[in-house]
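> Structure incoming, see below.
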């Protein structure tokens, strides 16, 4: 704060504190200059009058371009002929010119001389970089030995690697289960709102110059711009075209990454951007916009987590919006890519090869060229068949399989319903049969009850037979008199009073009475073939009891 700063104006340029600012227009010093200093924020604010009031100064936010070195404004010729007297003596050669070609012995040409180094990087201005960075090569790019791999061979190897990497199962899974894809497509990145405001602004004012102010830079981005070294690039027509084409390729990869992460960068962001851009990972060169889209579409369906054709088209739409917003929007994207690569250990090499130069170069590009580039990209029509991955055939086969599975499920459900119906019918018939049988049983039981009513004596006698068989044991009562328990129970059932222990003198008539009852009972209850046997047995028992008489 104790340093003295001076402001000087000369030939339309502003020199502030020893730093030269090359403005896009001319300013004058007429006494109306104003300046202020905010001690709390440490900010100087300088107001300078324009030579032409109302003139639009384009690119005032391009800080790197404003910090241009002072150009020589002298009219002195760049090439001069010096006096012969000033030529050193050792340079003067008075010998006669030898018209014969100097003969030299033959030397075998080395293989490295036959294979000149291939160029890559921004505008194909770099070569020989990876000869000294061989250890970090595999972590950054996919191409092997790029210094000696021509452009045609790079493309062949890239196409073969993409075919080997393509996974039909992964693609079909994202094709049918696209809930996450639809959520990603609904996301609106920062340029969507800026683009809508630009369209509304152009409809009102029809001026394309002032909409660049819609895109502003953060303090961190301004710090990045001040760190870049401003320089000019000598690019021929072919190299300049390659720079524009590669810019589309890099922006497509960045738009995809920003959308799938919804603006939240992660550890895979650097990998996604460089993997989806053939310019960055294969040092690819281009001849038209359509082949850029084809290459990007193939890589989206081969490498990242979300592989869907809609994401390809959405990234193309996003890139068109960024290009139409002008170089401020493009520069903002490039600064974000530069930051992502700078924080990733192996990817920082790509900043040195491409992104840093793009950040400086884009500040001097006319926005009209970017708008024309956006129109060229908008006219490109991309189909699934052009990607060369047989996507339509895969989808048709998958849909056919899905229809067959649906038909099988429907058939199983119909057969299941028929089975249920048949089982229910069978159960109904069984219920009806059981009802009929129960009715028959009821009728039979009624008839049986009628028969029992008609012949009660037979029923009693039939019930006594098995009762006597089960309880045929005799009881020894007081005084040795034998009585059959069955007889007692039968007498009790017939209502006769059971005789208790009686005197021995009256046992003879009781035994005779018992014999008669036993004979009657056995004859009724026993089968026909066994009556005599049972009767003989009873006689034997009576014979053993005769001495008691």
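Residue positions begin at 1 at the first shown residue.
Placed from the backbone N, Cα and C atoms, the Cβ positions cover glycine too.
Note: TrEMBL annotation is automatic and uncurated.
As annotated by TrEMBL, coiled coil applies to 377-411. What TrEMBL lists as compositional bias 'Polar residues' is 488-504. Per TrEMBL, the feature compositional bias 'Basic and acidic residues' maps to 538-549. Residues annotated as domain 'SHQ1-like CS' in TrEMBL: 21-67. Look at TrEMBL and you will find 207-391 tagged as domain 'Shq1 C-terminal'. Marked as region 'Disordered' by TrEMBL: 419-464, 488-508, 520-549.
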> Looking only at residues six or more beyond either end of the coiled coil (377-411), which have a C-beta under 8 A from one in the stretch?
163, 166, 168, 171-172, 175-176, 248, 289-290, 293-294, 297-298, 301, 309, 312-313, 316, 319-320, 323
> If you average pLDDT over the domain 'Shq1 C-terminal' (207-391), what do you get?
92
> Go ahead and report the DSSP secondary structure tallies for the domain 'SHQ1-like CS' (21-67): helix first, then strand, then coil.
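Going by DSSP assignments, the domain 'SHQ1-like CS' (21-67) contains 4 helix, 13 strand, 30 coil.
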